[in-house]
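One structure is given below, encoded as structure tokens.
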Amino acid sequence: MSTLPVKREKSNKRKYFMEKLSGKVFLFCALLSVISLLLIIGFVFFKGSKPFIGEGYSIVDFLFGNDWVPSENQFGIFPMIVASIYATIGALIIGVPVGLFTAIFLAEIAPKSIAKIISPAVQLLAGIPSVLYGVFGLAVIVPFLQNQLGLIKGQSLIAVILVLAIMMLPTVVTVAETAIRAVPKSYREGSLALGASQIGTIFKVVVPSAKSGIMTAVVLGMGRAIGETMAVILVAGNSLIIPTSLTDSIRPLTTNIALEMGYAFGTHQEMLFATGIVLFSFILLLNFVLARISSKGGN
Amino acid sequence: MRKLKDLILLGLLWFAAFLTVAVLVTIVGFIFYKGIGLISFDFIFGDYSPSGGGGIWPMVVTTIYTIVISLLIATPIGILAAVYLQEYAKQGRMVRIIRFATESLTGIPSIIYGLFGAVFFVTTLKLGMSIIAASLTLTIIILPVIIRTTEESLKTVPQSYREGSLALGTTKLQTLYKVILPSAMPGILSGIILSMGRIIGESAAIFLTAGTVAAMPESIFSSARTLTVHSYLVTQEAGDIELAAAIGIILIAIILILNFSATWISKKLNKADY
């Protein structure tokens with residue numbers, strides 16, 4: 001008997017082993033994203049729930065309390081929750097119509113030469129680091145509001161709303177444009193053939209058919225707005241009050257974490273994690289809505 | 001009447017698009033107008049001086065460190081994860097869970113990543129406020145981006161390539177690294193470029209994990225500030241809009257270069273002969 005078959009068998013064995021091993025390694029890499037997500041949720045929730053489980057703080061006082069005075073162990077984040085919600089809704093009211101109309105324009109109306117200018121502009125707008133939006137807001141929008149409205153302090157809810165509306169534009173435009181482009185051509189042809197005008201077709205046929213994609217765009221833009229931190233710090237003004245007017249200075253949830261994390265320790269730090277949980281819950285809620293939308297869109 | 005309504009709506013569509021472009025032009029124009037006076041060779045390559053007037057070289061170096069380290073870790077993991085999802089896994093519950101996790105990671109705001117990094121990498125793993133802690137946090141942030149873009153480009157590799165290679169008697173693994181991955185390379189590269197943009201633009205997560213020390217980092221275990229964090233701090237603490245804008249010019253220039261190379265690569269991808 002020659003040694004050749006034995007050798008071949010050995011090399012085959014090695015090959016099979018490598019095949020099996022590589023499959024396992026690939027699986028592990030893929031599982032790392034699951035592990036990361038679990039670690040993130042686990043650590044943030046563990047740290048943030050400590051004051052309520054071990055130290056006797058009340059969740060109700062935390063969520064609905066009006067006073068945040070860490071030095072006196074008072075941790076109420078209600079004003080911040082309200083501020084975050086107002087700022088997000090305000091940004092949606094401005095950002096969504098502008099973004100959606102830009103998307104419709106790009107997908108349906110724009111001559112190719114103009115679309116060629118706008119699309120890269122939107123892409124660049126998406127790439128600009130968020131800090132720079134804050135710098136722009138502080139140096140341009142804040143003084144503008146101060147002069148126009150005669151405010152003592154230009155850093156306000158309306159300044160945050162304007163900055164966030166600008167920041168959500170690229171998300172809304174890109175996602176909505178994709179959705180509108182995905183509407184089959186036959187829909188448009190059918191509507192035009194029935195004698196509808198181009199604009200009528202867009203608003204009565206195309207946009208309603210792209211509804212679920214457009215909703216996705218809105219929810220994603222919302223996520224971007226509610227989670228934004230550094231740009232918001234610079235223009236929010238940081239007052240711990242429940243805003244009653246657009247010109248009030250505010251402190252949203254995210255800025256509370258970023259501003260105090262640097263020096264907080266003990267219960268104070270855990271309360272910042274609890275603030276993170278509230279923020280996280282908003283995001284999870286949005287993700288849930290998003291999943292509902294996309295499963296509906298599938299039908 | 002209907003004509004008038006159409007005309008108004010059409011006008012609004014043009015106006016919205018105009019507004020979007022005007023906003024961009026205003027922001028970029030403002031940043032350049034304010035910052036261009038400071039830009040010089042010494043500004044970019046000069047050492048930082050706390051008394052003002054110095055350069056931003058330490059922050060450039062820190063930014064490069066974070067990019068290189070997080071890409072070194074996230075790229076192989078992301079590519080292999082995508083390979084598993086596209087080429088190896090049976091589509092079923094496991095894949096659904098992994099996809100759900102990856103998508104959820106995309107939606108988490110960076111301040112939450114910062115909180116996690118601060119408690120996990122900085123405190124629990126005892127890395128301290130450091131470049132490495134920030135880079136590991138960034139690794140998780142960009143992982144979904146790399147997985148998604150790699151998956152997309154794996155999908156574009158024609159089935160016949162795999163069949164042809166396997167028919168020649170190669171193993172799955174050989175087919176993967178000799179045939180599939182090379183054909184998917186342009187897509188993977190543009191994913192890496194996208195991630196670089198994400199890292200350069202990131203600030204909140206880095207702020208909480210790398211700290212704010214304004215000096216040349218001695219090693220990757222030192223605390224340091226990236227360009228974005230520096231830009232934020234000089235605005236917040238000193239109100240120095242010009243300096244922040246000058247850093248902004250550098251950041252926007254890098255982003256533009258990245259965008260162009262991504263477009264260029266994807267054009268090449270479309271021209272490739274399959």
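Even glycines carry a Cβ here, placed using N, Cα and C.
TrEMBL: automatically predicted annotations, no manual curation.
According to TrEMBL, the protein carries these features:
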- A:21-46: transmembrane segment (TRANSMEM)
- A:77-110: transmembrane segment (TRANSMEM)
- A:81-290: domain 'ABC transmembrane type-1' (DOMAIN)
- A:122-145: transmembrane segment (TRANSMEM)
- A:157-180: transmembrane segment (TRANSMEM)
- A:225-246: transmembrane segment (TRANSMEM)
- A:271-290: transmembrane segment (TRANSMEM)
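Below 8 angstroms of C-beta separation, residues 41, 44-45, 47-49, 51-52, 57, 62-63, 70, 75, 77, 80-81, 84, 216, 219-220, 222-223, 226-227, 253-254, 256-257, 260-261, 264 of the same chain, each at least six residues beyond the ends of the transmembrane segment (A:271-290), sit close to that stretch. When each of the listed stretches A:21-46, A:122-145, A:157-180 is scored by C-beta pairs under 8 angstroms to the transmembrane segment (A:77-110), A:157-180 comes out highest. For the transmembrane segment (A:122-145), the list of distant contacts is 102, 151, 154-156, 158-159, 162-163, 166-167, 169-171, 173-174, 228-235, 247: same-chain residues at least six beyond its ends, Cβ to Cβ under 8 Å. Remote same-chain partners of the transmembrane segment (A:157-180), defined as residues 6 or more beyond its termini with a Cβ less than 8 Å from a stretch Cβ, comprise 83, 86-88, 90-92, 94-96, 98-100, 102-104, 106-108, 122-123, 125-126, 130, 133-134, 136-137, 141-142, 145, 206-207, 210, 212-214, 216-218, 220-222, 224-225, 228, 231-232, 235-237, 243, 245-250, 252.
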